[in-house]
Structure formats: C-alpha cells, structure tokens
Amino acid sequence: MKERFIQKFQELYGKGGGIRAYFAPGRVNLIGEHTDYNGGHVFPCALTLGTYGIVRDREDRKLRFYSMNFESLGIIETSLDDLVPDEAANWTNYPKGVMWAFEKRGYKLAHGMDILIYGNIPSGSGLSSSASLEVLTGLMLKDTFGFENLTMVEVALIGQDAENNFNGCNCGIMDQFASAMGKKDHAIFLDTNTLNYEYAPVILKDAKIVITNSKVKHSLVDSAYNDRRNECETALKELQAELPIHSLGELTQEEFELHKEAIKDPVRQRRAKHAVYENQRTIRAVEALRENDVELFGRLMNESHQSLKEDYQVSCREIDILVDMAQAMPGVLGSRITGGGFGGCTVSIVRNDAVDGFISQIGKTYQEKVGHEAEFYVVDIGDGAKII
Ligand code: GLA
C-alpha cells in the first residue's frame, strides 16, 4: 500500500526522497450520541478504515494537495500565506483549516509541502472521514515541524477548532478525539466536560460489531446539526435560571424531570431530555460492558436509537428501516443510528452465527424497500493516528 502511494506521489510531484507517510482512522460511536457538545459522555472506537497522507517538504511556502479520491480535481495549489476558507478549494479546506489553527496557536509552519491523500472511509457515511483528515494533518504537521510537546489530545482539539471555525460545522470533540486517541480492541469512554477518558476493552463474547451504511446523506446535515446544538444551548440557559449547572451533562434524569418545565418550548425540552438521558444511558452501558452484560449494552443501544429518533429527531426513513429490521432479527443484541445523523450508518451488535444472515436478509429487504443497496462492514477496532 505504502509503495503504491509513494509511486503515485512521485508521478505527481517528481522523484526524490524525504517522503513521509501517516494514517488517521475514522470512528464508529457505540453509544453516547449528540452528548459531546452537551458536556456528556461518549463511547466511540477507532476503525481500521481511515485516511492516509504522504508528504514531502518544499523550500518555498507553496502547498500542493492531491487526493486519490477526487482525481478529477487534479492538484490543488495554495500557499501558507493564504489560509482562508474558499469554496473552490474543495476538500483541501480541511487540511488548510488545521494549518490555520496551528498558526493561530503560535505553531509556525516554516515551509510549504506537497501532499497526497487517500481515504477508504466511504465519504458522507458518518464515519468521520473529515475528522480523520484533520487529525492526519495535525499529526503530519506535528511530526514535520518537530512540535514535540504538542499532545495528540491537543491535535484533536486543533482539528475540532478547524472544523468549527474554518469549516463552519459546530461539531463536538468526539470524532477528532477518537481518531487521535483510539486503541486497538478498545472503545474510549470520554467525559467531554473534562476530557478525562478511559479505554474499555470491547469484549463481546460471541458477537461482532456490524456497521450498515444506508448510503443516504441528507443535504441539511450541517445546518440541522448546528440547529440541534443551538436548541440545547438555549435549553441550558433556561435551566440555569433554576440550577447552578454548566452543561446538560451534569444533570441526572430525576433532576431533569424536576426542572424541565423551565424549558419553555416543548421541542427544546425533548432535545434536552435526549442529551440528559443519553448521557446517563452511556454511563450505564459502559458499566454493563465492564460486567460482561452485552445483552444490556444492546438494549441500551436500542433505547438510544428510540431517543435519537423521537426526541432528538436526527434519524430518517432509510435508517429507521435498517434499525427496525435489525432490532427484530434473532441474534441481534442492539442496533442504532451512529454519528451526526440524517442518514449515514447504523451500528449493530450481532452474534457471530447471525452475521451472514444479517447481511444477506437486511441487504435484500433494504434494496427492495429503498431502491438502492446498503453496505456492511464487520468492524475491527484499530489504533489512533500514527506515522507509517
Ligand atoms: C458528529 C459530530 C460529533 C458528535 C456526533 C453526534 O459526528 O462531529 O462531534 O456530535 O455528530 O454524536
């Protein structure tokens, strides 16, 4: 793989050495959805799918980018002196945003680079291809310019800053954190309020994690995401009139029920309810996994989906078709939408002996009902970003 990338790199940018290679994974979130910007907990793991980057230093300040996923765009050229968002710059706004965020923090980028990118995360699938590109860029810059004191947690935060303030999606920290900090065969139990985290081994006895890609992406993704976030922020302000809290993640379900009438709008009340209940559910789910109670973990995933569908309203018809089929199938312990929503993927826990049937039956019925194929990935949990 690496040889193929280096060959392509040299075809594009010329022969010569000094070429370095990096990888940053995508992620799947097992439970804890839309909690990361509400001061709650999340439980994602890194995939073995992700984004590869090949880079060589330049002596001037030019930046040249090429993606093997968007070959028709050719080489996109810019400069370190021109780090501003630009629609025509297409996907390169992600790495440019990270460079901008480095410079903003005083990490000076002394020279330009030639960069080749290849990713094998299906784009628009909700498995964090953009976060993986951001973390990849962060690691590439950290290594290239010798920013040794910069931790990978900071690389994740820089990626989030780039996404929020350069690319305009007000995402939380989960995706970049999972990509930067993932650990093989473990999920990350992250408290987004404090950024304290623990690795929890994902031991599912005789079951596997299966991702199903609905292959739909609704165009409202970013704007609807930002709307949900605003609704939660307003609900928090209303609750703060009665309670000394800094985030919805600080509330128990009982406290929420006692004070929910402070939230004047019924829709906003449901959004906040999801944030509070989903956070508590995530804490219980991680406990269940630690106690080897995979069945309870699965049931909590089902509850999570219900809440995301009814109260948070980030599901869609195609995803509900997938989840309903999965939840009704023997051998499936739990199934839910994963990621930001409005399309993308589901994540399910499926007993080993039911995986083949899951893929063939759901695949067939989905095609009949929706009119296009779904894709399935049996998950291997991988490590976070690394030099290769
Ligand atoms: C997207 C965002 C994350 C998180 C999820 C929902 O993936 O990037 O920060 O909010 O949606 O849990």
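Any Cβ shown, glycine's included, is placed from N, Cα and C.
According to TrEMBL, the protein carries these features:
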ACT_SITE  ASP175  active site, proton acceptor
BINDING   GLU33, HIS34, THR35, ASP36, TYR225  substrate binding site
BINDING   SER67, GLY124, SER125, GLY126, LEU127, SER128, SER129, SER130  ATP binding site
BINDING   SER130, GLU163  Mg(2+) binding site
DOMAIN    7-56  domain 'Galactokinase N-terminal'
DOMAIN    93-183  domain 'GHMP kinase N-terminal'
DOMAIN    285-366  domain 'GHMP kinase C-terminal'
Distance-selected recorded positions near ligand 1 (C-beta under 6 Å), from ASP36, SER67, GLY124, LEU127, ASP175: ASP36, ASP175
Secondary structure content, the domain 'Galactokinase N-terminal' (7-56) (per DSSP, counts of residues): 7 helix, 25 strand, 18 coil
ASP175 (active site, proton acceptor) to LEU127 (ATP binding site) - Cα separation in whole Å: 9
Those binding-site residues, out of GLU33, HIS34, THR35, ASP36, TYR225, that come within 10 angstroms of SER130 (ATP binding site) at the Cα: none
Neighbourhood of GLY124 (ATP binding site), C-beta criterion under 8 angstroms, separation at least six: LYS217, GLY343, GLY344
Mean per-residue pLDDT computed across the domain 'Galactokinase N-terminal' (7-56): 97
Env. residues of substrate site, Cβ within 8 Å of mean position of GLU33, HIS34, THR35, ASP36, TYR225 Cβ: GLY32, TYR37, ASN38, GLY40, VAL42, GLY172, MET174, ARG228, ALA275, GLU278, GLY340
Chain-internal residues, separated by at least six, CB under 8 A from ASP36 (substrate binding site): VAL42, CYS171, GLY172, ILE173, MET174, LEU190, THR192
SER128 (ATP binding site) and GLU163 (Mg(2+) binding site), Cα-Cα, nearest whole angstrom: 12
Helix, strand and coil counts within the domain 'GHMP kinase N-terminal' (93-183) (DSSP): 50 helix, 8 strand, 33 coil
Secondary structure tally of the domain 'GHMP kinase C-terminal' (285-366) (DSSP, helix then strand then coil): 49 helix, 16 strand, 17 coil
Most crowded position, judged by CB atoms within 10 A, among SER128, SER129, SER130 as binding-site residues: SER128
Those residues of the chain, 6+ apart, with a Cβ under 8 Å from that of TYR225 (substrate binding site): CYS169, ASN170, CYS171, GLY340, GLY341
Candidates THR35, SER67, SER125: member of the binding-site residues with the richest Cβ shell (10 Å): THR35
